[in-house]
Each structure stands twice: as C-alpha cells, then as structure tokens.
Amino acid sequence: MGMKIGNDPFHKRTATGIGDQFMRQAVRKAQDGLRVKKLKATESLGNWEEWRALGEEIRKHTLENLDYYLYELSENIEKNGGFVYFAKTAEDAREYVKEIVKKKNAKKIVKSKSMVTEEISLNEAIEEAGAEVLETDLAEFILQVNDHDPPSHIVVPCLHKDKEHICEIFKTKLNYTGTSDPTEMARFVRSYLRDDFFAADIGVTGCNFAVAESGSISIVANEGNARLTTTLPKTLITVMGMERIVPTWEELDVLVTLLCRSSVGQKLTSYITGLTEPGGTDGPEEFHLVIVDNGRSDIVGTEFQSVLQCIRCAACINVCPVYRHIGGHAYGSIYPGPIGAVLTPLLGGYDEYKDLPYASSLCGACTEACPVKIPLHDLLIKHRSRIVEEKQSPVAWNVAMKGFEKAVKSPRLFSFAAKSAPYALKPLAKGDKIERGIGPLKAWTDARDFPVPKKQPFREWFEKHVKENDDGHSKS
C-alpha cells in the first residue's frame with residue numbers, strides 16, 4: 001500500500017470526505033465517545049499533567065540518545081539469539097523480509113496490526129516473494145477483505161465502516177450467512193482465521209516499544225491475534241520504526257500507561273505481549289527485528305525532532321475538528337490527523353504533501369491532547385514557514401501575499417483599499433453578506449458567511465472616536 005493513499009489532489013479528497021455523511025457521522029460518534037473515555041481513564045491517575053511531563057521527558061531523553069539505545073537494543077537482541085537488520089530505506093526493509101520468505105520457502109504468513117509495515121508496502125513485497133499474507137487484526141482483516149481498503153485512523157483503521165457495511169463485505173467476499181451483530185461477526189472471523197495461525201510459516205508484527213536494556217519487544221493490543229502471531233509460527237519478523245524504543249522496563253510502564261488511556265480510554269489493554277528471546281516453549285524458533293529508518297534519521301536533530309516522540313495513540317486525531325469533517329482518507333496518507341499533517345510531509349516530501357500543514361485550524365487541541373506533549377500546532381506553523389521559504393506554495397498565493405504585503409506597508413494604499421472594498425465587493429453581495437466569492441474566496445463563501453466591509457474603515461472610525469473623547473475630556 002505504502003504511505004500514500006490515492007492519487008486525487010487534496011481539494012478533491014476533502015470534498016469527497018465532506019460529502020460522505022455516513023463517514024462524518026461515524027467520526028463524530030467515535031471522537032465524542034473516545035474523548036469521554038479518555039477523560040475518565042486519565043482522572044484515575046491523579047495529576048495527568050505530571051504524567052504527560054514524565055512521558056515527554058522519557059521520549060525526549062530517548063531521542064537525544066537514540067544511537068546509544070539502538071546499539072544497546074541490537075546488542076541485547078543478538079545476545080538473546082535474534083537477528084537485527086537496520087533498514088535505511090523502505091526498499092531495504094522489503095528486500096530483507098523477502099529474502100527470509102524465500103529462504104524459508106514460506107507460503108502463508110500471518111500478520112498483526114502495524115502502521116510501519118503499511119508505510120513500507122511490506123504486504124505487497126511478501127506477495128511478490130510468492131507468499132500469502134493474512135491480516136489478523138479484525139479491523140485490518142476487514143479492510144484487506146474489502147479489496148485492500150486503506151485505513152482511516154491510526155488505532156481504529158476501519159472507522160469509516162459501520163457494522164452493516166462490514167456484514168455486507170463478509171457476505172459478499174466470505175460467504176458469511178450471519179447477522180450484523182458485532183459479536184457474531186467477530187466469532188466468524190476468529191473461526192475463519194484459526195487454522196491459518198497454525199498453518200502459518202512466518203508471523204509478522206509491528207512493535208509498540210522495544211526495550212533496550214533487555215532486547216525485548218512489546219505489543220499492546222485488545223485482540224489475541226498478536227499473541228498468536230508471536231507464538232505459533234516458527235519464524236517471527238518484527239518491524240519497527242527506529243524511534244519506537246525505550247531505555248528500560250520502567251519507562252515502558254509509564255508509556256504503556258499513557259498509551260492505553262490516551263488511545264481508547266482503557267487503564268490497560270486486554271493483551272500486552274512481550275518477547276525477549278526465541279526458542280522458548282511458547283515462542284518462535286527464529287526471530288528477526290527490522291529497524292526502519294525511511295527518513296526518520298533526517299528528522300533527528302531538526303526543529304521537527306519532537307514529532308518522533310509520538311507513541312501512536314491517536315489522541316490528537318480524536319480531538320481534531322478538521323479530521324472530524326474530512327475524515328482520514330482526505331489526508332492522502334496512512335498517517336491522518338494532526339500527527340499525519342506533521343509527519344507525512346517529513347517522510348514523503350512537500351512535493352506530494354505540501355497541503356497537509358494547512359489542514360488545521362491551529363486551535364491547539366491536538367497539542368493539549370498529546371500524552372507526550374508534542375507541540376503539534378507549532379510544528380504545523382513551522383511547516384508552513386518552510387513551505388513559503390522553499391517557494392513550495394502556489395504561485396497565485398505568493399502573488400496575493402506580495403500584494404497584501406505592499407498594501408499593509410503603505411498607509412496610503414491600505415487606506416485606499418479599505419475605502420474601496422465595500423464598493424468593489426457590492427456586486428457579489430446580498431444584503432450585508434457576500435454571497436459568492438471570486439477565485440480562492442469562493443471556497444470560503446460557499447460554506448461561510450462573509451460580511452461586506454463597512455463603508456467607514458475602522459481606522460477612520462477610531463480616529464474620530466478618539467478625537468470626540470479627547471474633546472469631551474477637554475471641555476470638562
């Protein structure tokens with residue numbers, strides 16, 4: 001799949017999202033529900049801000065010493081009998097996994113939920129190597145069955161589907177004969193996948209956090225699929241972004257506490273799976289850890305480094321007013337919402353994603369929601385500044401801003417423009433509102449009321465008001 005979703009331009013994707021009434025209703029319901037659950041879950045911790053500060057401190061320290069902890073992690077995994085591969089690019093990661101698949105002559109691979117494997121198009125690479133890949137996370141399974149529908153949310157990938165849609169997908173694709181009851185459908189999927197876990201040659205997982213001091217990986221989940229994926233196949237491949245690491249189990253405890261409460265409003269998820277070494281009675285015989293860079297090292301040491309503090313909880317997405325209206329697919333990336341608007345241009349470049357930093361009201365709700373205090377709205381502003389500096393913004397926009405700059409720098413020109421505006425805009429007005437804008441203004445007036453400027457400019461009114469007050473004081 002890769003990081004990119006679709007080929008439509010941003011304005012078309014947003015129009016599609018805004019026009020999808022079911023999706024908008026589903027997002028509103030999910031956001032409202034998750035926000036309430038998170039509030040209740042965080043209240044039980046006491047001072048939530050102290051926990052956030054601790055989470056930020058842990059993530060900052062880890063990133064500032066990332067080379068040290070990655071070295072410690074790799075050394076300990078190899079001591080434990082595992083193999084570590086540092087993949088500079090997505091292509092490097094794909095080729096390494098393909099070689100394992102070919103070497104093992106693997107025909108069936110089970111896979112638990114992983115955003116980084118989506119980012120590097122790992123499923124397609126495995127299929128090229130001649131093996132079948134089965135997504136075993138329920139939401140990811142639904143999307144895969146539905147002709148590889150892309151995810152719309154980091155934690156709830158099929159947020160844009162309801163139970164009736166899912167039931168219809170199962171009936172069409174899997175000959176399901178049951179009802180749309182979620183429990184019944186979940187049982188059907190469990191039964192459908194059960195034999196595949198036992199028949200799988202290789203298991204592939206993501207990694208919420210790797211623990212450097214012990215060479216362990218941890219997976220946080222609410223379904224048993226991740227645990228089955230890590231224990232039943234003889235070979236396990238875990239793929240992680242290079243930043244998904246903690247120094248010790250003590251720090252892991254803090255971050256898991258923040259993650260569970262921030263993502264789905266739980267004190268703890270149903271399963272927290274830890275794997276330290278292969279060869280145990282309930283684990284794989286062979287373990288490979290693929291540590292993916294894919295542009296992350298270019299972010300380290302820059303003004304955007306704090307985005308790598310992200311623990312993929314989606315708390316920012318769950319409060320974002322823009323995501324609420326346009327949905328996840330409108331971002332054109334597997335990473336939607338505020339975190340996606342910051343991260344995606346850094347990994348994918350401005351040529352493809354220069355619109356995303358503008359998909360924000362800059363309200364700051366995302367920053368307040370983030371459990372590790374990433375200053376997301378500040379980073380979006382930094383993106384916008386860089387886009388302008390690199391002349392990535394549209395020509396029409398640059399011309400308009402140059403004209404505006406000249407107008408506000410010249411008192412005479414500014415005064416003329418302010419006095420002329422009511423008359424220039426009169427043909428577009430109905431009453432005291434502008435009904436239809438011209439060019440870029442059209443998108444604004446189609447959805448919002450735009451008042452006609454007053455005939456008396458504010459500066460003129462203010463000068464007159466001050467003079468009248470001064471005269472009144474002098475007479476008294």
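We number each residue from 1, going along the chain as drawn.
Cβ atoms are placed via backbone N, Cα and C, with glycine included.
Listed features, source Swiss-Prot:
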type	residues	note
BINDING	Cys310, Cys313, Cys316, Cys370	[4Fe-4S] cluster 1 binding site
BINDING	Cys320, Cys363, Cys366	[4Fe-4S] cluster 2 binding site
DOMAIN	301-331	domain '4Fe-4S ferredoxin-type 1'
DOMAIN	350-379	domain '4Fe-4S ferredoxin-type 2'
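Mapped onto this structure are the features recorded in Swiss-Prot.
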residue : record                          : Cβ contacts under 8 Å, 6 or more apart
Cys310  : [4Fe-4S] cluster 1 binding site : Glu243, Ile339, Leu343, Val372, Ile374
Cys313  : [4Fe-4S] cluster 1 binding site : Ile154, Val155, Leu258, Leu259, Ser262, Ser263, Pro371
Cys316  : [4Fe-4S] cluster 1 binding site : Gly337, Pro338, Ile339, Ala365, Cys366, Thr367, Ala369, Cys370, Ile374, Leu376
Cys320  : [4Fe-4S] cluster 2 binding site : Gly337, Pro338, Ser360, Ala365, Cys366
Cys363  : [4Fe-4S] cluster 2 binding site : Pro321, His377
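Close to the recorded [4Fe-4S] cluster 1 site, the chain also has Ser262, Ile311, Arg312, Ala314, Ala315, Pro338, Ile339, Cys366, Ala369, Pro371, Val372, Ile374, Leu376: residues not among Cys310, Cys313, Cys316, Cys370 whose Cβ is within 8 Å of the site's Cβ mean position. Mean model confidence for the domain '4Fe-4S ferredoxin-type 2' (350-379) is a pLDDT of 96. Across the binding-site residues listed here (Cys366, Cys370), the residue whose Cβ sits among the most other Cβ atoms within 10 Å is Cys366. Outside the domain '4Fe-4S ferredoxin-type 2' (350-379) by six or more residues, the chain places 4, 10-11, 14, 51-53, 55-56, 58-59, 255, 258-259, 261-262, 303-304, 306-307, 309-311, 313, 315-316, 318-322, 326, 330-333, 337-342, 344, 386-387, 390, 392-393 with a CB less than 8 A from a CB of the stretch. Close to the recorded [4Fe-4S] cluster 2 site, the chain also has Cys316, Val319, Pro321, Val322, Tyr323, Pro338, Ser360, Ser361, Gly364, Ala365, Thr367, Ala369, Leu376, His377: residues not among Cys320, Cys363, Cys366 whose Cβ is within 8 Å of the site's Cβ mean position. Secondary structure counts, DSSP: the domain '4Fe-4S ferredoxin-type 2' (350-379) has 16 helix, 0 strand, 14 coil. For the domain '4Fe-4S ferredoxin-type 1' (301-331), DSSP puts the residue distribution at 17 helix, 0 strand, 14 coil.
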